[in-house]
Amino acid sequence: MKSPSSSAEMQSSSPEPAPWKPDFQVYAIVIGLGITNLLAALENTVLTIAAPVVLTDLELGENFIWVTNAFFLSSTAILPLFGQFSNIFGRRYVMLTAVAIFVLGSGLCGGASTGAMLIAGRAIQGVGSGGIIMLSSIIISDLVPLRQRGNFSAILMSILGIGSALGPLIGGAIVSSISWRWVFYLNLPIGGVSFVFLFIFLRVKYNKEMTFWQKIKRIDLVGNAIVIASTVAILYALSYAGTRYPWRSWHTLVPLLVGFLGLFIFAGLQTTAFSAEPLMPTRFFRAPTSIILAINTFVSAALLYWCLFFLPVFLQSVKLYSPRRAGVALLPISLLGIPGSMVGAIALVRWGRYKPVHIFAFALQTLGLGLFTLFREDTSVAEWAVFQCIVAFGGGMIFTTMLPAFQAFIHERDIAACTAAWYFIRLFGHIWGVAIPAAIFNQRIDTLLGQGAISDPSVSKTIAAGGAYQAASAAFVKQFPGSLQLEIRSVYSQAIQRVFQVSIAFAGVAFLLTLLEKDVGLRKTLETDFGLEKEGAGQQADVEGRSHE
């Protein structure tokens, strides 16, 4: 069997195929996917500003972390299953199901009367969100050749960036003027529009010959069960490590070890005949560059959430910005990812090489995160805005070029499993991108409190042992006298500095790994069993060509 790299070499010696061009249906599908991605992106960040108000209203206490983690957990653990479902039942119905699940979860969150109901709604939302974002990339991969894929990924990235940027802004505005419940109710009309749009235009091929029970037998039930259970165990450990339980406690170590052991067993089963249709075939990770891309996908995803969850802490507890103003102040970290993604996509399409893009992008991220360590009480608007722009531009370049690079090493028939694996790694990185800086932040806060950095014992008790993140708001700080405010702001500032000091190491390692990447030719033709349902002439026939013709 020929490898993708050898296929690329054969293409260079054969006549160039006619340039691929999208038609109306492709654009219509991209618009529909854009609306669904806007939904998912908004919900990823909308609570970064609104969280303190929501948590106080529902009296969640120490369980507040599950409002975020339930979303991450379900969106990550379900990805391999969604990828396999899309191969078995087709992209159309699985995507429509994901949108419906997301809207259902949003309704439950908006109507939540208890913390448990909110957490359950967030878990359901996460299932839909993970499916929406991952399936969008699978569908784009079915419709667009690898060499041109970056352009369409940039479109979705721009929408994700706009949604991520609007999330804190909308969340802050809604909390300040209406009710936090509309943070979730807003998804209902938008979700309805996206469902109708995709129902009309998303008509792509799938295997209609197999019976329902034949399709069910193809599902790797054991593999999916292990992945879900392992992800739950790891996230449970990370949720309470350093807050309810010490990192060295058996309450933390046992679920953490069980989770990683489960993932190790899962990886082993993927190489055996026990998995007739593996979720993540080991052939995806045979090339050294594939392994590097997987590691750097994890790191870049972790660094993104590192910033999204701790920049608001700096803005609200150190700069004393209101939720609405903090939402506006986060615009650079989200919006500057858009031109970064476009530059990365254009470079990928123009030269067909991802290594130079990754080197430059991770260099920018490392520089920007280093500048974040300069954050203090008197940091100017120009400083924090420019520093965010540097990190965001590099992150945008990484996002649009990492998946096409990872897909370059696999055949088109594996596109769904490959994309699901990549997104699983990425969302797994999001989980650690909250857990690692949170542990660093809490540890630094406790150390400073132990040194007597805050003179008022009641304040120290409030923000000790993991309470600092929940209390990170201007309203909390401003209720105290001026001298005590300065002490609180100083403690938060020093903790934030330590958080970003550690992030430099992660970005630096990723930068060094990019130097070891090897470029592989990106395919200019497309062979897929999941092309557009309605065949056209000329170029469209080439797009819909089947791998087994």
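Here the Cβ of each residue, glycine as well, is placed from N, Cα and C on the backbone.
The transmembrane segment annotation in Swiss-Prot falls on one of the ranges 126-146, 462-482, namely 126-146.
Long-range contacts of the transmembrane segment (502-522) within the same chain, counting only residues at least 6 positions beyond its ends with a Cβ under 8 Å from a Cβ of the stretch, are 4-5, 8-9, 11-12, 146-147, 287-289, 292-293, 295-296, 299-300, 302-303, 306, 348, 352-355, 358-359, 362-363, 365-366, 369-370, 372-373, 404-405, 408-409, 436-437, 440.
Segment contact is absent for the transmembrane segment (99-119) and the transmembrane segment (421-441), given fewer than three CB pairs below 8 angstroms at sequence separation of 6 or more. Taking pairs at least six residues apart, the transmembrane segment (182-202) and the transmembrane segment (249-269) share fewer than three Cβ pairs below 8 Å and do not count as touching. A Cβ distance under 8 Å defines the sequence-distant neighbours of the transmembrane segment (155-175), meaning residues of its chain 6+ beyond its ends; these are 30, 33-34, 37-50, 53, 133, 136-137, 140, 182-183, 186, 308, 312, 322-328, 330-331, 333-335, 337-338, 341-342, 345, 396, 399-400.
Note on the transmembrane segment (63-83): residues 43-44, 47, 51, 54-55, 94, 98, 115, 118-120, 122-127, 129-131, 134-135, 138, 219-220, 223-224, 227-228, 231-232, 235, 238-240, 243, 279-280, 416-417, 419-421, 423-424, 427-428, 430-431, 434, 470 of its chain, located 6 or more positions outside it, place their CB under 8 angstroms from a CB of the stretch.
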